[in-house]
Amino acid sequence: MDRRRMPLWALLLLWSPCTFSLPTGTTFERIPLKKMPSVREILEERGVDMTRLSAEWDVFTKRSSLTDLISPVVLTNYLNSQYYGEIGIGTPPQTFKVIFDTGSANLWVPSTKCSRLYLACGIHSLYESSDSSSYMENGDDFTIHYGSGRVKGFLSQDSVTVGGITVTQTFGEVTELPLIPFMLAQFDGVLGMGFPAQAVGGVTPVFDHILSQGVLKEKVFSVYYNRGPHLLGGEVVLGGSDPEHYQGDFHYVSLSKTDSWQITMKGVSVGSSTLLCEEGCEVVVDTGSSFISAPTSSLKLIMQALGAKEKRLHEYVVSCSQVPTLPDISFNLGGRAYTLSSTDYVLQYPNRRDKLCTVALHAMDIPPPTGPVWVLGATFIRKFYTEFDRHNNRIGFALAR
């Protein structure tokens with residue numbers, strides 16, 4: 001296996017925000033997030049036809065495997081991901097930009113042992129085990145399949161620092177990294193914030209290690225995504241929530257499954273008409289996905305009500321001049337309607353010449369027993385500050401400021 005370092009010139013492409021924490025003695029920690037253009041936005045601006053890429057990458061089933069273990073979970077659509085924070089791995093810490101992903105439970109980053117055949121590795125921060133005094137070898141194979149591609153490597157153990165808290169963690173050193181989307185991605189890896197049952201190979205997730213230390217005020221974490229175009233994209237708070245970023249009280253919805261961030265939705269309305277899910281639909285609240293996703297048949301009903309047209313596979317557009325007149329879309333969660341206006345669920349790309357705007361809802365079809373399931377991603381979380389409560393197995397929503 002090639003153990004040489006990848007070129008350091010690529011590090012010039014990386015951003016380096018400071019990770020900070022609250023003053024000593026407090027019992028929750030903040031991780032600031034940066035907002036960058038998604039891979040999809042970059043490709044759109046360069047005039048790339050997304051039809052083929054959508055067909056290959058908008059596949060919302062992934063098989064996570066360690067040796068012969070395969071477990072289906074909902075796939076985060078990293079092609080559209082925008083929000084990243086920094087963590088440190090090793091002693092002294094090596095810094096990585098990661099997506100905090102409630103749809104998965106493993107931590108992985110690219111390794112210096114990544115083959116030079118995988119060009120995407122050359123533009124990311126790479127973990128070097130020999131530079132860390134706290135590294136411990138594991139060596140078990142690690143593979144995650146994404147549609148037609150895969151992320152592959154092996155497991156290692158080292159110190160991981162998140163928001164000022166350090167734990168000893170087993171994580172994936174990735175040695176095979178697909179060109180798309182990772183060649184253009186602003187993030188290096190993924191930090192799964194899901195449950196132990198979702199983790200590849202029985203690895204204990206990072207947040208569970210943090211909980212075991214007993215340092216947090218509450219067994220919760222919360223996510224805020226800034227709705228503006230600012231580079232300061234939001235924050236993840238471990239152990240609590242930040243009232244500066246939401247108004248009113250949290251409304252909580254109990255998990256429908258105790259091993260994932262999944263709840264039951266009792267209605268989807270467009271304008272004043274309830275079109276779907278009156279008998280109940282399952283929905284995953286996924287911080288790693290940018291869009292709201294629905295089964296194809298359900299999405300078509302919503303798009304018909306909006307008058308949207310399918311431009312390419314699973315992607316719908318409307319005339320930008322039409323946006324102010326589009327109806328609200330509401331999701332009934334725990335007996336309460338959470339409403340998105342057209343400015344919340346329609347994306348406007350200034351550089352597009354066709355004057356079309358993209359509806360931030362995509363099609364997703366997951367077969368039983370995992371599906372069918374909806375996904376509420378950043379399109380929803382930007383409007384509603386979200387708290388993930390492990391102690392009470394529930395998710396809380398409050399209107400974001």
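Yeah, the Cβs are placed from backbone N, Cα and C, and that goes for glycine too.
What Swiss-Prot records for ASP101 (among others) is active site, and it gives experimental evidence as the kind of evidence. According to DSSP, ASP101 (active site) sits within a strand segment.
The active site feature in Swiss-Prot is assigned to ASP286 (among others).
Within 10 Å of the C-beta of CYS114 (disulfide bond) we count 28 further C-beta atoms, all protein chains included. As annotated by Swiss-Prot, disulfide bond applies to CYS114-CYS121 (among others).
Within 10 Å of the C-beta of CYS281 (disulfide bond) there are 21 other C-beta atoms, taking all protein chains into account. Here Swiss-Prot flags CYS277-CYS281 (among others) as disulfide bond, drawing on experimental evidence.
Contacts of CYS357 (disulfide bond) defined by a Cβ separation under 8 A and a same-chain sequence distance of 6+ are given as VAL317, VAL318, SER319, CYS320, VAL323, VAL346, LEU347, GLN348, TYR349, in order along the sequence. What Swiss-Prot records for CYS320-CYS357 (among others) is disulfide bond, and it gives experimental evidence as the kind of evidence.
Regional average pLDDT for the domain 'Peptidase A1' (83-398) in the model is 92. Residues or ranges marked as domain 'Peptidase A1' in Swiss-Prot: 83-398.
As annotated by Swiss-Prot, signal peptide applies to 1-25, with the evidence given as a curator's inference.
Taking the Cβ of CYS320 (disulfide bond) as centre and 10 Å as the limit, one finds 17 other Cβ atoms among all the protein chains shown.
Checked against CYS277 (disulfide bond) by C-alpha proximity, the recorded positions ASP101, CYS114, CYS121, ASP286 yield ASP286 as the nearest. Across the structure, ASP286 (active site) and ASP101 (active site) are spaced 7 Å apart at their Cα atoms. Put plainly, the active-site residues ASP101, ASP286 were compared by Cβ crowding within 10 Å, and the winner is ASP286. Residue pair CYS281 (disulfide bond) / ASP101 (active site) shows a Cα separation of 22 Å.
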